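Written out below as structure tokens is the structure these notes cover.
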Amino acid sequence: MASPELASHHSDPSDGEGAPFLPGVDDESPESLNSDIPFQKHSNHGLIIKLFVIYLAIGMGGPMIQSPLTRIVESIACRNYWNAHDPSQLPGPEQISEGMCKIPEVQREVTTIIGYREFFNAFLTSTFALPYGLLADRYGRKLAIRLASVGFVFNSVLSFAPIWLPNIFPLRTMWFGAVGWVLGGGPVLLFALFWSMIADATADSERDTVILRFGIATVSAGFLANVTSSFVMKFDSRVPLMTGCGLLFAGLLVANLLPETLRKKSPETTISADTSVSLTSLFFRIKKTIWSYRFICYNYPVAVILPAFFVTQLAGGSAFLVQYISIRFHRTIADATLLVALQHAFTIPVLFFILPQISERLRAYISRLQSDLLLARISVMLLALGLFGIGLSSSINTLIPSLLLHAGGAGFVLIARGLITGLARREETARLYTLIEATQSIGEVTASLYITNSLNWGLGRGGLWIGLPWLIVSFLLALIALVLGILRLPPRSENASSGSTH
């Protein structure tokens, strides 16, 4: 993806605005560096492979945890409900059947527990990403990754204690697991670091391909994780839960082996930084960091595309969709997980075959950025139509086509990321990716509260009201499609992109 210099934005590295939240290799001027490593002109395939392994492990581990966790929480909440209201309905010490758990009283408790757990996780990881990003800026990325890894351990222990010891810890105490993100900043910082490293290690001419491959790897891993989880859950929900945790920690282990990519500054700069430890200097450093993001205000296309990363998060993750399918269509969580896995399966040819072929043909006639913009318009429309169908579906026969339609727009976030990267300058990439991750995290915070409360409201009324959360998001995505439809790229961006394409 080309990185044109926009006529409306000028940056002088000497005025301090180039100080990034999470700097890339190219984020600092050559004069301030004391390193014999040249600027990235060719892709660093060794680093890309390591990052690919990390994404594969995390991409399998995360989805593999979600459905078993929901089922275990549902089982415990269901047993607690019947113990309080009619103990004679309980089957004994063995696992309670899912059919007894689909009543609104139990599902509202499950939605509350899972939803607020997502809220606290997203809120704290978003809050602490900034200070730990400053730490990564000054002391390096390896230290930030190690602290985040310790935070993951604390999060896992505190989150899963109520599952393993339900007679000691109430289910809602799993919300305290979010405290683990106070140490290390959590997923927001990690993914900001990873995407920044990908940008550092990838040449401009290969960035689109690399981003697409990472997206394919994540979706493929999610599909395999959901299929495996759905099958194993029929026997024991705890097995895929622990397997997913193992994969997550394996990914973190590889992340701790990544090389340091923060460039060393000159001795004069280092001494100056070490002696500036007063509160006043810290305040101005934070102010300078925040001020460095003002390039968004001068880049109109970037400013109008950025909210799309927020809106796409409002649909919630697979955990909410699995629970919705299970409740609405009276399916087990394992069966609902399999339906979501089929949706993921369809996204693989969309990302791997359909989008690249369409993109290649389009670029024979229009520039790279124009092609990305057109594909983004089509993809977000498919997302909106798919969610509209999911929210209105009254049977599996109408749900499945809606899931496939939604899967057809699965490339939107990746396309939008590539588009917005091409509209920004090279030295703005690290800050832009951090801003994208923060925007998505804010979307996750909002989504967890929004879906939890709107789904509980819909459960109390039943019928089509249960699908209300997805209907509202489909309307917001339609607005994004309208904004992208009237968006026009700066002429200079189009020329720069066209020149780098051929």
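Just so it is clear, glycine is given a Cβ too, placed from its N, Cα and C backbone atoms.
Feature annotations, reproduced from Swiss-Prot:
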type	residues	note
CARBOHYD	Asn495	N-linked glycosylation site
REGION	1-38	region 'Disordered'
TRANSMEM	45-65	transmembrane segment
TRANSMEM	114-136	transmembrane segment
TRANSMEM	150-170	transmembrane segment
TRANSMEM	175-195	transmembrane segment
TRANSMEM	214-234	transmembrane segment
TRANSMEM	239-259	transmembrane segment
TRANSMEM	302-322	transmembrane segment
TRANSMEM	336-356	transmembrane segment
TRANSMEM	380-400	transmembrane segment
TRANSMEM	403-423	transmembrane segment
TRANSMEM	464-484	transmembrane segment
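Only residues 6 or more beyond the boundaries of the transmembrane segment (150-170), in the same chain, are considered here, and those with a CB under 8 A from a CB of the stretch are 69, 72-73, 76, 117, 121, 176-186, 241, 245, 248-249, 252.
Beyond the ends of the transmembrane segment (114-136), by six or more residues, the same chain brings 21-22, 69-70, 73, 143-144, 147-148, 155, 159, 172, 174-175, 177-179, 181-182, 184-189, 192-193, 262, 285-286, 289, 317, 319-320, 323, 434, 437-438, 441-442, 444-445, 447-449, 451-453, 455 to within a C-beta distance below 8 angstroms of the stretch. For the transmembrane segment (380-400), the list of distant contacts is 308, 312, 315, 321, 324-325, 328-329, 339, 342, 406-409, 412, 464, 467-471, 473-475, 477-478, 480-481, 484: same-chain residues at least six beyond its ends, Cβ to Cβ under 8 Å. By the count of Cβ pairs under 8 Å, the stretch nearest in packing to the transmembrane segment (336-356) among 45-65, 214-234, 239-259, 403-423, 464-484 is 214-234.
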